[in-house]
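Trainee: Sharing a structure below in structure tokens format, with a few things to ask.
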Amino acid sequence: MQRFLQYRNSFELYYMNIQKQKKVIMEKSYRKKKLRVCVATCNRADYSKLAPIMFGIKADPENFDLEVVVLGSHLIDDYGNTYRMIEQDDFDIHTKLHTIVRGEDESAMVESVGLALVKLPDVLNRLRPDVMIVHGDRFDALALATSAALMNIRILHVEGGEVSGTIDDSIRHAITKLAHYHVCCTRSAEQHLIAMCEDNDRILLAGCPSYDKLLSAMNKEDYMSVLKNWLGEGVNAGDYIVALQHPVTTNIKHSIKMFELTLDALISFNKTILILFPNIDAGSKEMVRVMRKKGIEHHPNFRAVKHVPFEQFIQMVAHAGCMIGNSSCGVREAGAFGTPVINLGTRQTGRETGENVLHVRDADTQNKIFHALELQFGKRYPCSKIYGDGNAVPRILKFLKSIDLDEPMQKKFRFPPVKECFSQDIDYVLETQSALAVDLGGTNLRVAIISMKGEILKKYSQSNPNTYEERIDLILKMCVEAATEAVRFNCRILGVGISTGGRVNPHEGVVLHSTKLIQEWDSVDLRTPISDALHLPVWVDNDGNCAALAEKKFGHGKGVENFVTVITGTGIGGGIIHHNELIHGSTFCAAELGHIMVSLDGPECLCGSRGCIEAYASGMALQREAKKLHDEDMLLVEGMSVKNEEPVSAVHLIQAAKLGNSKADNVLRAAGAALAVGIVNILHTVNPSLVILSGVLAPHYENIVKHVVSQRALTSAQGANVVTSELEEPALLGAASMVLDYTTRRLY
């Protein structure tokens, strides 16, 4: 019995050792398991990018199993039956899927995506790949990525993060969000992917795979035989044009018109042209009709072809006198050879290009395209390697080998940090969204709580201190008081808007320098101390700009695309709204309307110049004239009196004019005329449809301004409407509007 137990223990020990060895062997074999890679190609263009990767995978059978799926326009005779070139490259095609619904319009594209989604699950169930490689931004590729993502197959997306300018952008970025791994071509594309919250560890900056082939094309000596094969005898390098133009699916009608103009320009240019048929996007059928209508297939200068093998096509591009159209090849591959390119329309807007590309974005006339041909044909440019250095495939294969199949399938996004989100209750929902508005005038400092509807719920006012420190302290004190008081009004303060005199950098929240009325107010950062104290966003702008913003949100300017606001108060200022945006100018000095000169030898202005509107029509200018008349005993008329201690002001001048003082009336009319001449200059400069007179003097100037505009302005500018503002507090309302517009995410 004891011997039996010894045998059993020995056997169990032996068995355990055998199991351990098996486990080690299985773990080693698992670690060496081949990666099953499915490459799906939809058309001739994406195959040119995928083929180098496919060759690399096929050449490494120890690490990879390659399965090839062909679908889309590869299988259509009208587009060259380009699946044959895949077979000629000695790739075994596992599945051919007919997924294209003919019609070449928007509906056909949608139906094609749907058909692919119906057919792909069966194929993917049979293949069970570890990784599917998808290229680019075609509608077929979107179906591939959608199917793989829903079937828990890892997706490697090639050429994500790029920007072109059509529906392709939306499709490309949609595939990016579905994909687990990304191979991009340029540093900008990599940054775009990171900005889209993709995981940096799963992004490879490899360069374009097609560059691995094309960079050696210039050194091939047999290029003349390729030229003869496609262009015939007698055509030399640099003496022909390659044309490749596709429809823009977001504006098919314009695409067709642009294609007609391109063909007309090429016919007139009278050079040998290799022209390729367009891709299968919506609108391609109409483009082919245009080719046939103009007899392109039988024209002696044209060689119309459905497809050229990639190796031969890049030879044609490399040695062309020019390439024209809107293909990505023009802005990508052609740059590697320095071939001059004419890029037409918006299909490639946003792509990075070398200096060889001349853009004709508004290709709306034959003459414009012809002139571009004259400029570009026959030139040579420095070779560009924006899209690759010829070593993309080794990087991609190494990247594929690094994929850990034990990692969870669920992809992670790298979102930027955001503030903690607090839950809402009924009191929050019922709160009135409001702004704190600050108006820093020459005399008074005012703070108000203003609701989204422009209602002033509470207003505070104190004299403006003379020193910087006192002024900042008072602003903070009044804002804190108002913010505390807002709770009593059930208001939620969204931010602080500040209106101040002088020149302001609104982007930084800094008063660069102020008017003489506000002392010690230069190079003042208002945003930082107030934001730090209240923990609220802060906006700062010039009081004239704020008045314009107030009119835009709450006044006569609501819904008006182009208008000007002119403030007539102690000084003269204003703001310009052009195409619904406030104009600041290159040094934040736009709309200094008070300093438009209306006379070369007029009164001296506070700015140091002479003859400015402000020197004639501001409250200070009227006060100056009133004092002159008073000193000469020519101001007061019956019904008026000025106490000894009372300062003479513009109010007395206006009162005297109303009571029949002709000299006071003449001063007021001259001031109004000076303002009106300045406004005529504004009408002739920015051509607004509306001029809004704001401030205490506006009602006294309105009729004079209207009269002078009708007499002095060009006929085309006389239609501008001149009105007086109905807003009681334009500076405060404008300051509030900067905050309140933020809540609706309007860019300011």
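From the backbone N, Cα and C atoms, a Cβ is placed for every residue, glycine too.
Sharing the feature lines straight out of TrEMBL:
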type     : residues                                       : note
ACT_SITE : Asp543                                         : active site
BINDING  : Arg503, Thr515, Asp543, Glu592, His595, Glu614 : N-acyl-D-mannosamine binding site
BINDING  : His595, Cys605, Cys607, Cys612                 : Zn(2+) binding site
DOMAIN   : 62-401                                         : domain 'UDP-N-acetylglucosamine 2-epimerase'
Trainee: Restricting to the chain of Cys605 (Zn(2+) binding site) and a gap of 6 or more, list residues whose Cβ falls under 8 Å of its Cβ, or answer none.
Mentor: His595, Gly611, Cys612, Glu614, Ala615
Trainee: Look at each of the binding-site residues, Glu592, Glu614, and point out the one with the fewest other Cβ atoms around it within 10 Å.
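Mentor: Counting other Cβ atoms within 10 Å of each of the binding-site residues Glu592, Glu614, the minimum falls on Glu592.
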Trainee: Summarise the model confidence on the domain 'UDP-N-acetylglucosamine 2-epimerase' (62-401) as a single mean pLDDT, whole number.
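Mentor: Mean per-residue confidence for the domain 'UDP-N-acetylglucosamine 2-epimerase' (62-401): 89 out of 100.
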Trainee: Of all the Cα pairs drawn from Arg503, Thr515, Asp543, Glu592, His595, Glu614, the residues the record ties to N-acyl-D-mannosamine, which distance is largest, in Å?
Mentor: 16
Trainee: Using Cβ atoms only, which residues of the same chain lie under 8 Å from Thr515 (N-acyl-D-mannosamine binding site) while being at least 6 residues apart in sequence?
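Mentor: Set apart from Thr515 (N-acyl-D-mannosamine binding site) by at least 6 residues yet with Cβ under 8 Å, we have Gly442, Gly501, Gly502, Gly571, Leu606.
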Trainee: Between the Cα atoms of Glu592 (N-acyl-D-mannosamine binding site) and Cys607 (Zn(2+) binding site), what distance do you get, rounded to the nearest Å?
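Mentor: Cys607 (Zn(2+) binding site) has its Cα 11 Å from the Cα of Glu592 (N-acyl-D-mannosamine binding site).
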Trainee: List the residues in the vicinity of the Zn(2+) site, defined as same-chain residues other than His595, Cys605, Cys607, Cys612 with C-beta within 8 angstroms of the site's C-beta centre.
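Mentor: Close Cβ neighbours, site residues excluded: Gly594, Met597, Leu606, Gly608, Ser609, Ile613, Glu614, Ala615.
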Trainee: Between the binding-site residues Cys607, Cys612, whose Cβ has more other Cβ atoms within 10 Å than any of the rest?
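Mentor: Result of the Cβ crowding comparison: Cys612.
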Trainee: Taking the centroid of the Cβ atoms of Arg503, Thr515, Asp543, Glu592, His595, Glu614 as the N-acyl-D-mannosamine site, which other residues of that chain lie with their Cβ within 8 Å of it, listed in sequence order?
Mentor: Gly501, Gly502, Asn542, Gly544, Gly571, Ile572, Gly573, Gly594, Cys607
